[in-house]
Amino acid sequence: NLVQFSYLIQCANHGRRPTRHYMDYGCYCGWGGSGTPVDELDRCCKIHDDCYSDAEKKGCSPKMSAYDYYCGENGPYCRNIKKKCLRFVCDCDVEAAFCFAKAPYNNANWNIDTKKRCQ
């Protein structure tokens, strides 16, 4: 779910950047999304959005699904998840969290005018 996803982001980036910095970034980080991603981090958000869409097509509720995960030295991972929906959503979130951690953060792409830049 979205609360767990925020913890996974913090785990993957080892607390270097607060989760709120990802909530209004580029064209896809935050609610909704359209146009062409502005950079690598925004592409991570689009991939995560697409993964959640795929989960919904499978009958899952990704924004509300609670799953079991662990934050280790090397970052987050999903733990012993037997239910397919929960596993799918956890995998979406873990992959996105690692993608966020690897991608450069460009302050100029935070809180952009999406009407102009995300066509």
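Placed from the backbone N, Cα and C atoms, the Cβ positions cover glycine too.
Record features, source Swiss-Prot:
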{"type": "DISULFID", "residues": "Cys11-Cys71", "note": "disulfide bond"}
{"type": "DISULFID", "residues": "Cys27-Cys118", "note": "disulfide bond"}
{"type": "BINDING", "residues": "Tyr28, Gly30, Gly32, Asp49", "note": "Ca(2+) binding site"}
{"type": "DISULFID", "residues": "Cys29-Cys45", "note": "disulfide bond"}
{"type": "DISULFID", "residues": "Cys44-Cys99", "note": "disulfide bond"}
{"type": "ACT_SITE", "residues": "His48", "note": "active site"}
{"type": "DISULFID", "residues": "Cys51-Cys92", "note": "disulfide bond"}
{"type": "DISULFID", "residues": "Cys60-Cys85", "note": "disulfide bond"}
{"type": "DISULFID", "residues": "Cys78-Cys90", "note": "disulfide bond"}
{"type": "ACT_SITE", "residues": "Asp93", "note": "active site"}
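A straight line from the CA of Cys99 (disulfide bond) to the CA of Asp93 (active site) spans 10 Å. Of all Cβ atoms in the protein chains displayed, 24 besides its own lie within 10 Å of the Cβ of Cys45 (disulfide bond). Once Cβ contacts within 10 Å are tallied over all protein chains shown, the disulfide-bonded residues Cys78, Cys92, Cys118 are led by Cys92. Nearest by CA distance to Cys45 (disulfide bond), out of the recorded positions Tyr28, Gly30, Gly32, Asp93, is Tyr28. The Cβ of Asp93 (active site) has 28 other Cβ atoms within 10 Å, all protein chains considered. Shown are the recorded positions His48, Cys90, Cys99; of these, the residue with the fewest other Cβ atoms within 10 Å is Cys99. By the criterion of other Cβ atoms within 10 Å of the residue's own Cβ, the least surrounded of the disulfide-bonded residues Cys44, Cys85 is Cys85. Ranking the binding-site residues Gly30, Gly32 by other CB atoms within 10 A of the CB puts Gly32 at the bottom.
Checking each of the recorded positions (Gly30, Gly32, Asp93) against Cys51 (disulfide bond), the C-alpha distance stays within 10 Å for Asp93. Here the C-alpha separation of Cys60 (disulfide bond) and Asp93 (active site) works out to 14 Å. For the disulfide-bonded residues shown (Cys11, Cys51, Cys60, Cys71), fewest C-beta neighbours within 10 angstroms: Cys71. Cys60 (disulfide bond) falls outside any helix or strand according to DSSP and counts as coil.
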